[in-house]
């Protein structure tokens, strides 16, 4: 099936083969091949199953262009287009707070390029924060296997500096200083709600 983004680019497809929660005897090392998206989905399943939080990946509406019907009981989508650019990757509810965040990866070792975000994503997060929501970004340095949660307020600061002629990237040292490092564990894979608890405490 061919799916087109609004800007004409082809999408990068991710396949989640980890639909079940891990049992205690499973090794963390067995999951090193998981994508960041899979790791987040896996963690969200853990939180949902234990009634801790309800957070899901956002579906993106598509417009069907070509559909084949090889059988009466089955339809095969041959071509489709995303109707509009996506905002952020995930949203949900935790402790009565609206949660909204995006997940980004970079192969750079020392900085994260701000071009990985789009203006409409930043604007969406600003609007959510203005309504009392909690927004942040997962930023993973894949070559170093380091993952951070950066609160939206810090992301906005660097975004605005870039717009005013500042750096076009965020130094990893600054992300480590202003964000929260997420350490991998067995269950949940990414215990990121611990960092969200700190963001909530700072709001009080």
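Yeah, the Cβs are placed from backbone N, Cα and C, and that goes for glycine too.
In Swiss-Prot, the annotation region 'Disordered' applies to 1-24, one of the ranges 1-24, 25-48. Listed by Swiss-Prot as binding Mg(2+) are 87, 89, 121; the candidate from 100, 102 that the record includes in that site is 102. For the binding-site residues 89, 102, the largest tally of other C-beta atoms within 10 A is found at 102. DSSP assigns residue 87 (Mg(2+) binding site) to coil in the three-state reduction, outside any helix or strand.
In sequence order, 58, 86, 88, 90, 100, 101, 124, 125 are the same-chain residues whose CB sits within 8 A of the CB centroid of 87, 89, 102, 121, the residues recorded for Mg(2+) being left out. Here the C-alpha separation of residue 89 (Mg(2+) binding site) and residue 104 (site 'Transition state stabilizer') works out to 10 Å. Of all Cβ atoms in the shown protein chains, 21 besides its own fall within 10 Å of the Cβ of residue 121 (Mg(2+) binding site).
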